[in-house]
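Record features, source TrEMBL:
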type     : residues                                                                            : note
DOMAIN   : 1-293                                                                               : domain 'Dihydroorotate dehydrogenase catalytic'
BINDING  : Ser19, Lys43, Ser44, Asn127, Lys164, Ile192, Gly221, Gly249, Gly250, Gly271, Thr272 : FMN binding site
BINDING  : Lys43, Asn67, Ser68, Met69, Gly70, Leu71, Asn127, Asn193, Ser194                    : substrate binding site
ACT_SITE : Cys130                                                                              : active site, nucleophile
Amino acid sequence: MLATNFGKFTYKNPFMNASGVHCMTIEELDELASSTAGSFVTKSATLEARAGNPEPRYTDLPLGSINSMGLPNLGVDYYLDYAIKKQQEMTQQAPFFFSVAGMSVAENIELLKKIQESDFEGITELNLSCPNVPGKPQVAYDFPLTDQILETVFGFFTKPLGVKLPPYFDLAHFDEMAKILNKYPLTYINSINSIGNALFIDPATDSVVIKPKDGFGGLGGEYVKPTALANVRAFYTRLKPEIKIIGTGGIRNGQDAYEHLLCGASMLQIGTELQKEGPAIFERLTKELAAIMKEKGYQSISEFHGKLKTID
Ligand code: SIN
């Protein structure tokens, strides 16, 4: 009932983690692989291991979370070795996802060349939207640079590739970014990363709640769902149909998942709520989504996928 089509792949259900949550170590990745989730993605890797930003760098908030992790990760070789071994063990036909986030264009190219030359057969996600590295702007807010990176990447990269995007807030920006993305054989886009550089104040102490960047960090959870839905919808109605969409942002229950699918997402990533509940969340979400579909009389996701109604 919950099977979802994602390009040439079919997943048993649309749920997976958002990169950064429960995917730093082999132990965490194995827990995701053996959970109810339809797939999983590794923590965005850099060439060398990174410690990331000073703590506290993640805090739960009343309606979500704020983080400035700064891409802590164990280095691309750690995840690539794991991925190559794991893909042989997996019984599912549909591959999992491998995320990379270079600190520069040159590092992104080097990371992707490494993946291209490796035995990894899964799907690669190029994270162009991390808001948390001091001094490094989010690449995908620079339209010509994004275009230039994709042109270079598709000059040599022949495996399935998607990009993780930041939220956009203007219809002109959706138009401009979609025009760039449509030029390339992308497997998917992942929309959205956290809403970058938000600020949360603890009313009891008059202080920010995370240490890096004087408290500025990426906002996730319930706060961001309407922005995430808008981005999924805006890209679903602008991208060529071959480019699938992973909807990320504010999914806490079956209804949130249903809304992302209605807007046109084909897979769904869970960040803040996975951090709060752990991998058992996937069982709850699959049950809740199935119950909503049953109530509405749907046998499959394809019956309502992308079919958001507007008012005439
Ligand atoms: C981080 O490690 O700072 C989060 C990654 C991201 O938002 O892309």
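One is the number of the first residue shown, and numbering goes on along the chain from there.
Any Cβ shown, glycine's included, is placed from N, Cα and C.
What TrEMBL says about a protein is an automatic prediction, not a curated fact.
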Under 8 Å by Cβ from Ser19 (FMN binding site), counting only residues of that chain that are 6 or more apart: Val41, Thr42, Lys43, Ser44, Phe97, Ser99, Glu125, Asn127, Lys164, Gln269
Integer Å distance between the CA atoms belonging to Cys130 (active site, nucleophile) and Gly70 (substrate binding site): 8
Between Ser194 (substrate binding site) and Thr272 (FMN binding site): CA-CA distance (Å): 10
Neighbourhood of ligand 1 - recorded positions from Ser19, Gly70, Asn127, Cys130, Thr272 with Cβ under 6 Å: Gly70, Asn127, Cys130
Local Cβ density at Asn127 (substrate binding site) - other Cβ atoms counted within 10 Å: 27
Cβ atoms near Ser68 (substrate binding site) (within 10 Å, other residues, all chains): 29
Distant-in-sequence Cβ neighbours of Ser194 (substrate binding site), under 8 Å, six or more positions away: Asn67, Pro131, Gly217, Gly218, Leu219, Gly220, Val224, Gly271
Same-chain residues at least 6 apart in sequence whose Cβ lies under 8 Å from Gly250 (FMN binding site): Gly64, Gly220, Gly221, Glu222, Tyr223, Val224, Lys225, Pro226, Ala228, Leu229, Asp256, Thr272
Beyond the site residues Lys43, Asn67, Ser68, Met69, Gly70, Leu71, Asn127, Asn193, Ser194: chain residues whose C-beta lies within 8 Å of the centroid, for substrate: Gly20, Ser44, Cys130, Pro131, Asn132, Gly218
